[in-house]
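TrEMBL lists Glu178 with the feature active site, proton donor/acceptor. Sequence annotations record features per position, and here TrEMBL assigns Zn(2+) binding site to His21, Glu24, His116. Taken from TrEMBL, the feature N-acetyl-L-aspartate binding site applies to Arg63, Glu178, Tyr288. Here TrEMBL flags Asn70, Arg71, Tyr164, Ala165, Thr166, Thr167, Arg168 as substrate binding site. Here TrEMBL flags 11-206 as domain 'Succinylglutamate desuccinylase/Aspartoacylase catalytic'. Taken from TrEMBL, the feature domain 'AstE/AspA barrel-sandwich hybrid' applies to 219-299.
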Amino acid sequence: MTSCHLAEAPIKKVAIFGGTHGNELTGVFLVKHWLENGAEIQRTGLEVKPFITNPSAVKKCTRYIDCDLNRIFDLENLGKKMSEDLPYEVRRAQEIYHLFGPKGGEDSYDIIFDLHNTTSNMGCTLILEDSRNNFLIQMFHYIKTSLAPLPCYVYLIEHPSLKYATTRSIAKYPVGIEVGPQPQGVLRADILDQMRKMIKHALDFIHHFNEGKEFPPCAIEVYKIIEKVDYPRDANGEIAAVIHPNLQDQDWKPLHPGDPMFLTLDGKTMPLGGDRTVYPVFVNEAAYYEKKEAFAKTTKLTLNAKDRQ
């Protein structure tokens, strides 16, 4: 088999973020543990820094204090003059940017793993921001293979008009890790174990990469975002229907035209329109009610890792 060698400089600096959302406790719990005893995340020749990103929100066990830290790493917010009048998370974003960025800078971090939980039935999910990133395609393939037979899905958030401005985006290789279902403010042992394994396999891949291992050409299945879907609403903007029982907990499963999406209180079913099968993700996510998102539609495609010479 022809090998695909990733001709890149060695990875030197890796950060593991927990508590970007203060009520998603698996990442908080793991990062606090690794700050006390980080032996399991250390690899030869690699600097690995665990970090609590939103300590005030963690202390209050809430998603955020003033605004969503995971949506404000854009030039506008990062460029604002520092003052006490700025929202807490904007000030924190600037601090994080100076500690771990700037993207592509001489002292910036190569990889940031950002640890999240979801109340949706997403299982183990890796979030990819760039479909052309061969290094991460290879890494995700390695993680998926290492976790098997436990499923691990890849969510591609590359979109021309949906801009996320994530906390991890300041790294050369940003990696979102999302594991659920888990309620906000709760720890589950099974979810903890799955996230811990995902980080282990990711760090093992980096170690192999730094030692010069060649990886065979690979392909991964990904789910690329198409659009976000709001709940049906009445004239006052109030939610008028809930996720249909047939759709609840069916993240990653095909949703065909005519399949039920929502159910009103008087028993009316509201089906998927159009002529295209989609794959819903983040179905009925608790944190997205304020964002007016019932779920996101995705399409399934395959990404291939190509030679980098």
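Backbone N, Cα and C define each Cβ position, glycine as well.
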Additional residues surrounding substrate, by Cβ distance to the Asn70, Arg71, Tyr164, Ala165, Thr166, Thr167, Arg168 centre under 8 Å: Thr20, Leu69, Ile72, Phe73, Asp114, Ser169
Neighbouring C-beta atoms (10 Å sphere around the C-beta of Glu24 (Zn(2+) binding site)): 28
DSSP-derived helix, strand and coil totals, residue by residue, for the domain 'AstE/AspA barrel-sandwich hybrid' (219-299): 3 helix, 34 strand, 44 coil
Other CB atoms within 10 A, centred on Asn70 (substrate binding site): 25
Non-site residues, in chain order, whose CB comes within 8 A of the mean position of the CB atoms of His21, Glu24, His116 at Zn(2+): Gly19, Thr20, Asn23, Gly27, Arg63, Asn70, Leu115, Asn117, Thr118, Glu178, Ala287
Sparsest-packed of the listed binding-site residues (His21, Arg63, Arg71, His116) - C-beta count within 10 angstroms: Arg71
Proximal residue to His21 (Zn(2+) binding site) among recorded positions Asn70, Ala165, Arg168, Glu178 (C-alpha distance): Asn70
Same chain, 6+ residues apart, C-beta under 8 Å of the C-beta of Thr166 (substrate binding site), given in sequence order: Asn70, Arg71, Phe73, Asp114, Glu129, Pro174, Gly176
Near-site residues: N-acetyl-L-aspartate, ref Arg63, Glu178, Tyr288, CB cutoff 8 A to centroid: His21, Glu24, His116, Asn117, Thr118, Thr119, Phe282, Glu285, Ala286, Ala287
Intrachain C-beta neighbours of Tyr288 (N-acetyl-L-aspartate binding site), sequence separation six or more, cut-off 8 angstroms: Phe282, Ala294
Pairwise CA distance, Arg63 (N-acetyl-L-aspartate binding site) versus Ala165 (substrate binding site), rounded so that it is a whole Å: 17
Using Cα positions only, nearest of the recorded positions to Thr167 (substrate binding site) (Glu24, His116, Glu178): His116
For Glu178 (active site, proton donor/acceptor), nearby residues of its own chain (Cβ under 8 Å, 6 or more apart in sequence): His116, Asn117, Thr118, Met122, Thr125, Leu126, Ile127, Tyr155
Rounded Cα-Cα span from Arg168 (substrate binding site) to Glu24 (Zn(2+) binding site), Å: 16
